[in-house]
Amino acid sequence: MRTAATRAFSTSTANRTKVAVLGAAGGIGQPLSLLLKQSPLITHLSLYDIVNTPGVAADLSHINTSSKASKHIGIYVTGHLPKDGGLEEALKDAGVVVIPAGVPRKPGMTRDDLFNTNAGIVRDLATACAKTCPEAKILIIANPVNSTVPIVSEVFKQHNVYDPKRIFGVTTLDVVRASRFVSEVAGGRPEEIKITVVGGHSGATIVPLFSQTQGIKSLSKEQLDELTHRVQYGGDEVVKAKDGLGSATLSMAFAGARFTESVLRAAAGEKGVVEPTFVRSSLFEKEGVEYFSSNVELSPEGVGKIHPLGNLTPYEEELVSVAVSQLKGNITKGVQFVSESQ
Ligand SMILES: NC(=O)C1=CN([C@@H]2O[C@H](COP(=O)(O)OP(=O)(O)OC[C@H]3O[C@@H](n4cnc5c(N)ncnc54)[C@H](O)[C@@H]3O)[C@@H](O)[C@H]2O)C=CC1
Ligand SMILES: O=C([O-])CC(=O)C(=O)O
């Protein structure tokens, strides 16, 4: 977690932040909190779940990570359960809220099958955020991301605190997978291979743009088909291997910690921090799609510059058009859910 950049920015205590993790005792929440406990950019790690959080918090609070910049005050960890206003306490003064709360898939399910359970969980947590920490950056991991991001946005609109720059769908795992899978086929160090992945976060809405990465343009059509399918359905590989015990947790914690750290680095003033993320975007607005994932330069306010997709091959253009048509339905479903629950 400690890159040269984070070391440079960790010298200022002014920019250090309270980060709340909602769903902190879950499969993603626990390893994500462990990774975040190592960030020099966090002063207070606030953990909330409907079960088991005090234990997770007590355990993490024994880790001797501390920042010299804060005069040896380590990251302060607290754990909250719903009783006695625990959620409000967890969110009070948070600068960043990460939401992995919600149920994961079992074999045979799509991410959209999680909507009925997770939409209500995310709506209620977003309501608490809109009331308690309306200026926090909200990082949404809970699936289906293509619908939960519009849900959070609609809730914030209802409370008149909506700023599209501060609401992010976490799609980092798609680029983490893409670079790993490409390295297995084409060689190279996966951590150095950058693949642009755009669209959304489920099946055919996930579109890797392999043509934009130098050195792998010579993939055969068969390799391209296989790699594209593997990135689009990488989540299914894990769901199948876990055989009823959930979906990706450890790789997601890695990806979620990377994205959170990037948001914090940009908030601390670092320039040139670019991550893919599913945000309010004008890229496909004309086609009626208000949210889209693409590379975004992060800024102190949150979303900075949304990068255009760049040159696409006809193969990629076709994938993007399928993604756009599916996203429309996913987004509408989230928006309608909030308007119908009023
Ligand atoms: N964006 C992405 O790339 C990925 C998203 N996910 C999604 O992340 C979510 C969580 O997955 P896991 O951690 O594996 O599930 P899990 O079931 O292990 O953990 C979820 C946690 O959320 C908690 N929770 C449920 N309702 C809550 C509420 N109202 N308030 C606070 N906490 C609540 C549960 O008690 C549990 O501890 C799932 O929806 C999954 O599909 C998973 C992998 C990748
Ligand atoms: O596949 C799932 O349900 C979890 C997920 O979003 C992923 O692993 O990309």
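Positions of Cβ are set from backbone N, Cα and C atoms, glycine also.
MET252 is the residue from MET109, MET252 that TrEMBL records in the NAD(+) site together with GLY23, ALA24, ALA25, GLY26, GLY27, ILE28, GLY29, ASP49, ASN118, ILE141, ALA142, ASN143. The two recorded residues, ALA142 (NAD(+) binding site) and ARG111 (substrate binding site), have Cα atoms 10 Å apart. Pairwise Cα distances among ARG105, ARG111, ASN143, ARG177, the recorded substrate-binding residues, top out at 18 Å. Of the listed recorded positions, namely ARG105, ARG111, ARG177, HIS201, the sparsest CB environment within 10 A is found at ARG105. Closest to ASN118 (NAD(+) binding site) by Cα-Cα distance, out of the recorded positions ARG105, ARG111, ASN143, ARG177, HIS201, is ASN143. With a cut-off of under 6 Å between the Cβ and any atom of ligand 1, the binding-site residues GLY23, ASN143, ARG177 reduce to GLY23, ASN143.
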